[in-house]
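Here the structure comes first, spelled out in structure tokens, and everything after it is commentary.
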Amino acid sequence: MAITRSSLAICLILSLVTITTADYYSPSSPPVYKSPEHKPTLPSPVYTPPVYKPTLSPPVYTKPTIPPPVYTPPVYKHTPSPPVYTKPTIPPPVYTPPVYKPTLSPPVYTKPTIPPPVYTPPVYKPTPVYTKPTIPPPVYTPPVYKPTPSPPVYKKSPSYSSPPPPYVPKPTYTPTTKPYVPEILKAVDGIILCKNGYETYPILGAKIQIVCSDPASYGKSNTEVVIYSNPTDSKGYFHLSLTSIKDLAYCRVKLYLSPVETCKNPTNVNKGLTGVPLALYGYRFYPDKNLELFSVGPFYYTGPKAAPATPKY
């Protein structure tokens, strides 16, 4: 079949599209020139004119001829005449006189003939005669006394000597030994300082006293026990053991002595004058020494001049 012009034009357009859409990239090696190969030329296409098909005439639309409707008048059915209601003819009632039954004659009551009663006189029975029975008089028979039996004679049972009880030694009581509970030791420690003006330093050789009062009963004076501590060391530290006092509920710690002539006036800082109640004061327990240690103070002495107020610790 010969190639037409239209098909050739389409082939050229497709080739141009493929050329434009092709991916170009730079070759890694320089191109090698090859001599073009001459392909045999195709013969020129022979143009064949298109064959035109005959154009059909447009269809002619004609309205269908519809015959006009023929009017047929409706056929009216014959309406029946309304029914005529006639009353039924009831013949008049014919009166038939009642037939009377013959009347019965009333019954005739006749009294029955009762014979008259025949009187028979009653037969009287004689009244019985009651006679009292004769009861013989009782015959007294004296009682027969049975002989009283003699009291039984009891024989003494033979005495049997029981064997002596076996010897049972008395148990020896050994008192149970209570486990040893070490006594809890109690002690008081603290520091005594001197505050002279703005200078504060520990006092060597100062002492404190512990006053324990026993509350007396009514009308009796209470007794007091006073214990003095050893003199303080160079750091003003004191330590006093309370082994002789069992109850610390009524014990107070107070200042007692200062050997420094320029610092002998006790102050009430931390209750150095009124006394520290040990019952209301906490303690530290040392289990290795079995010791309850009450740490009080620090207490202060001052010189003749009034010292500035010292805060409580």
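Note: Cβ is positioned from N, Cα and C throughout, glycine not excepted.
Features as listed in Swiss-Prot:
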type: SIGNAL; residues: 1-22; note: signal peptide
type: REGION; residues: 27-312; note: region '35 X 5 AA approximate repeats'
type: REPEAT; residues: 40-43; note: repeat '3'
type: REPEAT; residues: 58-62; note: repeat '7'
type: REPEAT; residues: 73-77; note: repeat '10'
type: REPEAT; residues: 82-86; note: repeat '11'
type: REPEAT; residues: 97-101; note: repeat '14'
type: REPEAT; residues: 111-115; note: repeat '17'
type: REPEAT; residues: 126-131; note: repeat '20'
type: REPEAT; residues: 137-141; note: repeat '22'
type: REPEAT; residues: 151-155; note: repeat '25'
type: REPEAT; residues: 175-181; note: repeat '29'
type: REPEAT; residues: 187-229; note: repeat '31'
type: REPEAT; residues: 266-270; note: repeat '33'
Helix-strand-coil residue split for the repeat '10' (73-77), DSSP-based: 0 helix, 0 strand, 5 coil
Secondary structure tally of the repeat '31' (187-229) (DSSP, helix then strand then coil): 0 helix, 28 strand, 15 coil
Remote residues contacting the repeat '20' (126-131) - C-beta distance under 8 A, at least 6 residues beyond either end: none
Integer average pLDDT (0 to 100) for the region '35 X 5 AA approximate repeats' (27-312): 80
